[in-house]
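Asks: Take this structure first; my questions come after.
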Amino acid sequence: MEKRGKNSVKEENKQSTTAAVESKQMTENLEFKSSEFGTCENCHTNIKGQAVHALGKTWHPEHFICAACKKPISGQVFNVHDGKPFCEQDYSNKFLNKCRSCGLPIKDVTIQALGANWHKEHFVCKSCSTPLAGQGFYERENNPFCQKCFESQFSPKCAACNQAIIDTAMMALGKNYHPGCFKCSKCNKPFANEVAAFQLIDNEPTCPTCAGKLAPACPKSPDKPAP
Ligand SMILES: [Zn+2]
Ligand SMILES: [Zn+2]
Ligand SMILES: [Zn+2]
Ligand SMILES: [Zn+2]
Ligand SMILES: [Zn+2]
Ligand SMILES: [Zn+2]
């Protein structure tokens, strides 16, 4: 008989999601200003006409370039990493966490679980796709499962009623049973409190009372005379 306490089963497999980590993109707005003087940070020549003011410096608009692809950063928003400007695409590819489910960069909330990063909406039960972010979940082979799916799929099944055994499983004859499901094959009385006393008669578990009726001649029993 194997007792599997409810809590121990759950805690073995349960990992709570870590607090959702805000992964904010550092963005700044480009300032386009007319500048009569000033030197471009890139080419070190004077800027006439339009200048970009960004990162505390001044640039020709065409010289304010992505540190990765070296293309001028178009649009009003850029991303900063290590003090260098990056275009949206390179910043996403280089510095944002990738979702384990879809493989794409995560721009807003990152769920960190099972040693990986996930979009909030992609951290779901492997079986039924219920969202699991912000909830407890169960882990099996490094995949997340909701409680319902985990219990129905991975809990031992009772050999008598074929339902999942969530809390206490009884091991008998190499099989798992609900305590109430492992019964005497003759009188249907559960063995729960006297499981050690059952006997196998014709390969069927039998309680001592029924066994006594069937086989009154037990040589080890002192109060019953040997034949
Ligand atoms: Zn320049
Ligand atoms: Zn780029
Ligand atoms: Zn995703
Ligand atoms: Zn599920
Ligand atoms: Zn059962
Ligand atoms: Zn019985």
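Residue positions begin at 1 at the first shown residue.
Using the three backbone atoms N, Cα and C, a Cβ is placed for every residue, glycine included.
Pasting the feature list from TrEMBL:
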COMPBIAS  1-14  compositional bias 'Basic and acidic residues'
COMPBIAS  15-25  compositional bias 'Polar residues'
DOMAIN    38-96  domain 'LIM zinc-binding'
DOMAIN    97-156  domain 'LIM zinc-binding'
DOMAIN    157-217  domain 'LIM zinc-binding'
REGION    1-25  region 'Disordered'
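Explain the structural surroundings of these features, please.
Replies: For the domain 'LIM zinc-binding' (38-96), the predicted model reports an average pLDDT of 88.
Secondary structure of the domain 'LIM zinc-binding' (97-156), assigned with DSSP and counted as helix (H, G, I), strand (E, B) and coil, comes to 11 helix, 22 strand, 27 coil.
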